[in-house]
């Protein structure tokens, strides 16, 4: 499942190619791609709609048309949003094709069919209001309104996030994965952030000091910014940007997926454990 950096890479690519473009036609090629609604409604709503913005919160991605609805895009396990010349994308896994006013087309390719496009009501962003930056432009899908702001957003309130973390007695790794506490951090970047912060994943968030929790959040932001610079993390060909290129942050991972291998910092073997049902990696020497 793509995490924040991978979704942000896609968002930036879509923003470059879609903003100001109008959907001239939409073809649903597979019903599962619109399983949360009627394909006919999606097609009629998007036809002649002009993209005004491409936005994201955590792992959630959506297109804004300046209307009372938004197009939420779930990438799922293998979803790809590719912008190409008409007919250039010949994959048998194309689920939706949308013609653009500049003559190109947007293709939603999804091999495993866990992803989808869905129309959602646009509602004011409660997290933006709480951070004191509310504006008429701060709208998001109704079903995302409970998702906390992520560490790379302008509306992110680190002190409030630390307070939410401090109220949880669960392992700090588990708390980092709670999208209502802080969004966008998945299994990969939680492990990497905790390594950078020097904190063991099983420690109770409630028992960590506020400065330590701030350090964990700052480390998460640093790790994800670094991943963004490298195009995200690609372990297979299923995660690509809008041009079909893969990211290469996987080469920079310090602990995730490296169980039994030597720590790049101290040489001790990386430990693999299960925390909250999730495979977790850490260095017992570098993390306390």
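Cβ from N, Cα, C; glycine included.
Since this is a predicted model, take the numbers as computed values, not measurements.
Pulled from Swiss-Prot, these are the features on record:
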ACT_SITE  2  active site, schiff-base intermediate with DNA
ACT_SITE  3  active site, proton donor
ACT_SITE  59  active site, proton donor
ACT_SITE  278  active site, proton donor
BINDING   93, 112, 168  DNA binding site
ZN_FING   254-288  zinc finger
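In this view, residue 112 (DNA binding site) is surrounded by 11 other Cβ atoms within 10 Å of its Cβ, with every protein chain counted. Averaged across the zinc finger (254-288), pLDDT in this predicted model comes to 98. Separating the Cα atoms of residue 3 (active site, proton donor) and residue 59 (active site, proton donor) is a whole-number distance of 6 Å. For residue 59 (active site, proton donor), the same-chain residues 6+ apart in sequence whose C-beta sits under 8 angstroms from its C-beta are 1, 2, 3, 4, 7, 179, 183, 184, 186. Using a Cβ-Cβ cut-off under 8 Å and counting only residues 6 or more beyond its ends in the same chain, the zinc finger (254-288) has close neighbours at 170-171, 173-174, 177, 187-188, 191-192, 194-196, 198-202. Listed in sequence order, the residues of the same chain lying 6 or more apart from residue 278 (active site, proton donor) and placing their CB within less than 8 Å of its CB are 173, 174, 177, 187.
Highest Cβ count within 10 Å among the binding-site residues 93, 168: 93. Counting neighbouring Cβ atoms within 10 Å of each of the active-site residues (2, 3), the lowest count belongs to 3.
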